[in-house]
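Peer 1: This is the structure I have questions about; it appears just below.
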Amino acid sequence: MGLSEQFNAFSEDSFSALLELSKDRAVLLLDRTGKIISCNKSAEKTIGYTMHEMCGLTFCALCGNEKGEADYLNALEAAKNNGAYINKESCRRKDGSIFSVIISITALPGIKEDTANFTLILDTPSGINKITNTLHLAGLIERTADAILSTDLEFKIISWNKAAEKIYGYSKEEVTGMLLKDVVRPNLTKEIYKSIDDGIKQNGFWIGEVMHMNRDGHALEIEESISVTKDKNNKTDGYVWICRDITAFKKNERQLLQMSRLIENTNDAIYSTTSYNIILSWNKAAEEMYGYKAAEVLNKTVDEILQPQMTDEARIQIRTTIGEKGYWKGEVNHKRKDGTIFPVLISVTVVRNSEGGIHEFLCLCTDVTEVKNAVQRKSEKILLKEKELSDSIINSLPGIFYLFDSNGKFLRWNKRFEAVSGYSSEEISEMTPDMFFEGEDKIFVGEKIKLVFTEGYADVEADFVSKNKNTTPYYFNGIFGMYDERPCLIGMGIDISERKKAEKELFDSEQKYKMLFENNPLPMWMFTVPERHIIEVNNAAVSHYGYTRTEFLSLNLLDLRPEEDKAIFLEETKTSATGIRRAGIWRHKKKDGTTIYVEIFRDDIIYKGHPVRLVLSNDITEKFITEQRLKESHEELRGLASHLQDIREEERSVIAREIHDELGQQITGLKMDVSWISKRLKGEDEAVNQKIKNVLTLLDETVKTVRKIATELRPSILDDLGLIDALQWYSLEFERRFGIPVSFRTVIEEVQTGKNIAIGLFRIYQESLTNVARHSGASFVSTAVDIKENILRLTITDNGKGFDAGTTGNRKTLGLLGMKERTLMMGGVYEINSMPGEGTTVNVSVPLQAT
């Protein structure tokens, strides 16, 4: 976690308080290298850049003029060595304008007392003399919050504004004519005196920080500006003093320092509470330690969640200590969500508001369960008494155990220590901890040991060197304690060889993956989620899309999409999925504007500790265009088939009508003529009479045949009574002709369909029943028609021998193909389900709106 993120997570309130006290001044927070990591609104307004634009740049790179980076680094070094750096300089705004500014840089030490970061404060006067003249305007002088006073050349006070009265506690009448030093009682070193004298002589002004004292004897931290005043002959006749009380500002700055020290150790649970112990924040380590998510504990009390195991007297003593010293550190027992009670080492720090009152408490908790369980102790005092140490316990520990004093003399260790080191008990008793390490590890471990004796706890990873010079990576920790009334370090070491091996394997795997990524012949890239910024790209992508590598890495994925595809792409990339998955076919734009079709495969992975999305792009432009043309060809053929089907049905309808109307009438007329002849032949020639009877019978059969042919060509019932009656009629006709019972079920009396839909479903019904009669060997057929969700469904089921529906594609099943095509032309779905010995079911679904 970076310093900026730590600030946001753990010290936002303290930094906000610092900025609030400086809301009329530009304040920037720098890291140890001088790069900007945060700022207030006044800084944005003064310089012209937003905080987002400033972050990551040095102030010199942002606003420097003739002075270079070396001068800027020298200023940081001066602040680091002296605690602060102040100078008047000319700086450049974003719009290019130059402004005069007083720069104050303050170093903030880290946890090891080296510089962790800096604060840089800008005062932008338009000239000290101009300020002096302006501040002499009585109205402004009385309204300002800064103490403004003037003295003669002997430093006797001439004027004294209301802010000065408030800050120092003296009225104007009391101090007029007094020496300034007798009133503010400055605490100045020789160096500060010299700096003031040099500044006045060389520049006519001086700005710096000094210590004053108010009427009650309280020390005040003051930012002081001294400028000379001139008479009409341009001779110095006195001084103007502008004194800003920055005591609270400095106090918050120190609290910020204290907070930054805590931030550097974020492996422990950190939470903040109000002065009434209501939880305000809860970090990830706290979630893991206690089992509660942040949402479960916020706005609840510490007693309600953690249930500290302590007496009322202990609570009172802790609050008293916090009130007097501003912090408390000690050990308490807390309760996890699962009900288990465990010991924690807790540090409570007070965060104060701008008025000096308690704003909140910041709590840092370390789980000391492992250490306590390792040596089976209930208290530190019991653990550190040699008589209570059990050889059976420390020798059963999985790692090495050690106890040594501040001089490095080993007092206790376990058998595991002897086995790993290769030294005998007598040899170890004469050795010191640094003898088990070499090179930089020896220095680093030594620093950590010192830290235990000053801070109470430390841990480190280092290579443990045995007697035969074998090195083994170990994790060591140590806590401070008293043993035989002398300060000691007690700790354990755990062999982390397997972990180091796993880390190396992971690194090797990443290198292998990187090689596969870079050498893949297909374009590949990675992008951030959800920003969609491309962060890595292989050579194949650079070559295929026409961009240089630098250009590619400056792209957003939207830049690869045609305008009309961007909304769909944004919706698609909202979701994430584990594992490699096909993300479909997309259109991409090359650098030259050419549009290509690509098949995308993606995977969500972790790259350099961050979640990213890995993409593989396969150009299928030629394949896609070929498929589109083939699809269009299929659609044209289907349209042609539909047209031919319509023509065929129309011709059948015409033929049926002509057979029924023309041929039927002619045969009927012929029958009437033959019948007339029969009645007028009164002869007794039996052969003639019989022949006439045969002709009449033949004419009757011919009429039936004509009607049958006309009906098969186009059933008139379909046009006269509609689809349902036509299906029911054909069911009875099929049963009569083939002797196979048909159960036709429907609750629909009438359905409004288009002409093409009605004849199409009727023909499918005819063909299906014909297949039953020809191939199934069925003894019974069940059919049904229903409507659900505006879908007309026709179902035909037989109890025949069935067949393997999966093999129909390998045979010339033109009848099935024809029925499928008819269904598709109606915008419907044709399904056939069958298994050998289990009969066959045909389902036809057609949307009514398509009619």
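Cβ from N, Cα, C; glycine included.
Unlike curated records, TrEMBL annotations are generated automatically.
Here's the feature list from TrEMBL:
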- 11-56: domain 'PAS' (DOMAIN)
- 133-203: domain 'PAS' (DOMAIN)
- 206-258: domain 'PAC' (DOMAIN)
- 255-325: domain 'PAS' (DOMAIN)
- 328-380: domain 'PAC' (DOMAIN)
- 386-428: domain 'PAS' (DOMAIN)
- 509-580: domain 'PAS' (DOMAIN)
Peer 1: Can you break down the domain 'PAS' (386-428) into helix, strand and coil residue counts using DSSP?
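Peer 2: Counting residues per DSSP class in the domain 'PAS' (386-428), I get 18 helix, 10 strand, 15 coil.
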Peer 1: With DSSP as the reference, give the number of residues of the domain 'PAS' (255-325) in helix, strand and coil.
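Peer 2: Result for the domain 'PAS' (255-325), in helix, strand, coil order: 38 helix, 11 strand, 22 coil.
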Peer 1: When DSSP states are grouped into helix, strand and coil, how many residues of the domain 'PAS' (509-580) land in each?
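Peer 2: The counts are 37 helix, 11 strand, 24 coil.
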Peer 1: Counting by DSSP secondary structure, give me helix, strand and coil numbers for the domain 'PAC' (328-380).
Peer 2: 7 helix, 30 strand, 16 coil
